[in-house]
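In what follows, a structure is listed as structure tokens, so that the remarks can point back to it.
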Amino acid sequence: MKIFDISMPLYNGVPGWPGDTPYAFDLAWTKEQSGSVNVGRLEMSTHTGTHIDAPFHFDNEGKRVTDLPLDLYTGPSLVIDVTGALEITIESIEGKIKNGTKRVIFKTKCWSDRNIFPEKIVPVSPEVVPFLKQHGVGLIGVDMPSVDPLDSKELQAHHALHQHNIHILEGLVLDEVSEGEYELMALPLPLQDGDGSPVRAILKEMS
Ligand SMILES: N[C@@H](CC(=O)c1ccccc1NC=O)C(=O)O
Ligand SMILES: [Zn+2]
Ligand SMILES: [Zn+2]
């Protein structure tokens, strides 16, 4: 069964949230220096590339990364193609989602050049959140760096999702993936007290 790698490659210069910690990988020790091994060193934001948000990211009382159950991030997922939409609304998904859909991934294609941070994305309309909850959704994934407009300080969609106990996966790469059902795996690192975590995300075709 085919596996799609839906993660953003991480490299020095990978675009992150404006003003946030730049991603930096280098060797703390080379094989020549240590006499035995190369040893890498990383500095990065927890919201670099493909990552999950823990509720603590936008709510001081919210759960941290290590409080989140892993079953959210692995299991059957519905990819919905909303390419061309200006906003993700009920109309974008009506008729495509059935009851008991635990994970929904939106393909917007709005972040076409992954070497630069986008100027505009396709926000998740807060009105869609109760509709997702009614269908049983506990996780949404998106192919953009946020679920809210990039200049939003209120983060209405983040908060509405949190109120409905729907968790957030951002920065997916869905160019090669078409609408349908897949098996998702996108596990956060066990970052104690973390507000978010990079993930390696894959979708596996279902038989
Ligand atoms: N909400 C975005 C990240 C975000 O808002 C952000 C990330 C790093 C530094 C500042 C940020 N927002 C500041 O207004 C996210 O969930 O990844
Ligand atoms: Zn984030
Ligand atoms: Zn977010």
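Each residue, glycine too, has its Cβ placed from N, Cα and C.
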TODO: Among E43, E61, E170, indicate the single residue that TrEMBL lists for the Zn(2+) 2 site containing D53, H158.
DONE: E170
Open item on the list: At a 10 A cut-off on CB-CB distances, which of the recorded positions H47, H51, H57, H158 has the highest count?
Closed with: H51
Open item on the list: Any of the binding-site residues W17, H47, H51, D53, E170 with a C-beta atom under 6 A from ligand 3? Give them in order, or none.
Closed with: D53, E170
Task: Nonlocal residues around W17 (substrate binding site), in sequence order (Cβ under 8 Å, 6 or more apart) - done: S45, H47, F117, P145
- [ ] Just give me the nearest neighbour of H57 (active site, proton donor/acceptor) among the binding-site residues H51, H158, E170, Cα to Cα.
- [x] H158
Task: Distance, D53 (Zn(2+) 1 binding site) to H158 (Zn(2+) 2 binding site) (CA atoms, angstrom) - done: 9
